[in-house]
Amino acid sequence: RQVDPGNTGRVGPTEAALFLKKSGLPDVTLGKIWDLADPDGKGFLDKRGFYVALRLVACAQSGQDVSLSSLNLTIPPPKFKDTSSPSLSTSSVSSEPHWAVRPEEKGKFDGIFESLAPVSGLLSGDKVKPVLTNSKLPLDVLGKVWDLSDIDKDGHLDRDEFAVAMHLVYRALEKEPVPSVLPSSLIPPNKRKKSLVGSLPGMVPMLPASPPPPKDSLRSTPSHGSMNSLNSAGSLSPKHSLKSHSVNWVVPVTDRGRYDDIFLKTDLDVDGFVSGMEVKDIFMHSGLPQNLLAHIWALADTRQMGKLTREQFALAMHFIQQKVSKGMDPPQALTPDMIPPSERGTPVPLSSSVGSGSEFTGIKELDDISQEIAQLQREKYTLEQDIRETEEAIRHKSSEVQEMQNDLDRETCSLQELEAQKQEAQERLEEMDQQKAKLEDMLNDVRIKCNEESQMISSLQNQIHSQETDLHSQEEELSRAKADLNQLQLEESQLEQSLTAGKFQLETIIKSLKATQDEINQARSKLSQIQDSQQEMTKSIEQYNSNLNGTHGGNMTNLADMSEGFHDRENGGFGAMHVEVYI
């Protein structure tokens, strides 16, 4: 619920890493846990994978192997530094974690412990040194191993502390980093009450870590040789490393980190020392005279080795800084608070003054060659002693051979499993290559289609542009047609008005025509009557003429009757018409 607040059912790598780092386990172990919890390489953890990761964290914290075979072991729940985690961080002190040193390891380490001839159940650094250096680990790593394993800080290792030291060495050989603070699971059960003082599980008191000694410190045994080489050169014993933090030193703590960074950048060959050639530019950049720089070099080179360790370099830089910023001259000889903390357990020869005749040029170190030859001879003698001690330790390691063979067998099985996993990964890689080729082909097809679509789109855009041009032209024609239509509609309106007036006039004309037609019909009727009367009159006239012309004095009575009849017809048929008859 904490790492998956959205209830998606999966935990991403970032969220899982931030949460699992609270367990305090090394990154290498957490990477192995992730691979086991996510065997399919999905890149996230589901609920089951997250459960497997938590179980594996608990296995690692309990000193068990981080493998799927350890999931069914009965172990305490995982513990996280964050109190908001679902761990049992609030559990009582009685639920102490198991000791990380497994019983079979403890038996092997006890055999080595007895072979080193402990005195009163304790081994000094002189006796432990051959065993630890035989691991070929860097001396700074071995120094941290000694500091962590010497839990009671008495300068010796008892049986359990020796087992812790060997456990850390073996883990370091497996590429696991040495922790800066001893985990609670590595503290021997009989020492937990003393070291934890009732603290909760997972809370271990901070122990001061010794400064990383140079790689060649075991070979740099001083001529006085009163102390063994393990303690004289920034050894594995914490007596000197504790002093470097508890005793005042003239070099301020705030400046040491800066000087250490400069030292690491200057130590080009990474041998734990800086030569005059390596620091020449840095010293000369201060602008101080060469004779003064030579004097500062002589003060810092407390063992007259012609090289400076990290602390000696910091002391020299402090003297230069004091002179440049405050004008304070370096002393003629080192006071006790100026001696590097890691060198205070052995007598330090006093440095020579300015008049020693050594000129700091950065390239004239021929005078130091003889000292280095003598130093190499002393180193050879020390190495011969180390070889003899190592051979003696080898004779006592015969009991380890079988165990190492078993370890080798287990490693062989693991190697075979890794080979199988490698083969499977190779096959998956080939499948992914095939899928990649298919996807590339599909991508090419998609690109071709995209090009075709782009061409089609360009063609369509051209068509659209042409159609837009035609449409614009048609719109102009439509506008002109609309104007013509408006003109025609206006003319139509005028014509309609003219037609209405014409219709009115036509109706008036029709009415007049109809009246005229009636008059014409009446006139025709009268004309017909007149014609009929005319015909009758003609007949009458002819008859009259006939009567007149036939008798010449005939019967006047008939003529008078004819005149009366004509007069009657004139009055009845013609009304007011008067016909003049010429006889």
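Just so it is clear, glycine is given a Cβ too, placed from its N, Cα and C backbone atoms.
Since the structure is predicted, the reported quantities are computational estimates derived from the model, not experimental observations.
It is 338-357, from the ranges 338-357, 398-417, 458-477, 538-557, that TrEMBL records as region 'Disordered'.
Across the domain 'EH' (1-81), the model assigns an average pLDDT of 85. Assigned with DSSP, the residues of the domain 'EF-hand' (254-289) fall into helix, strand and coil as follows: 22 helix, 2 strand, 12 coil.
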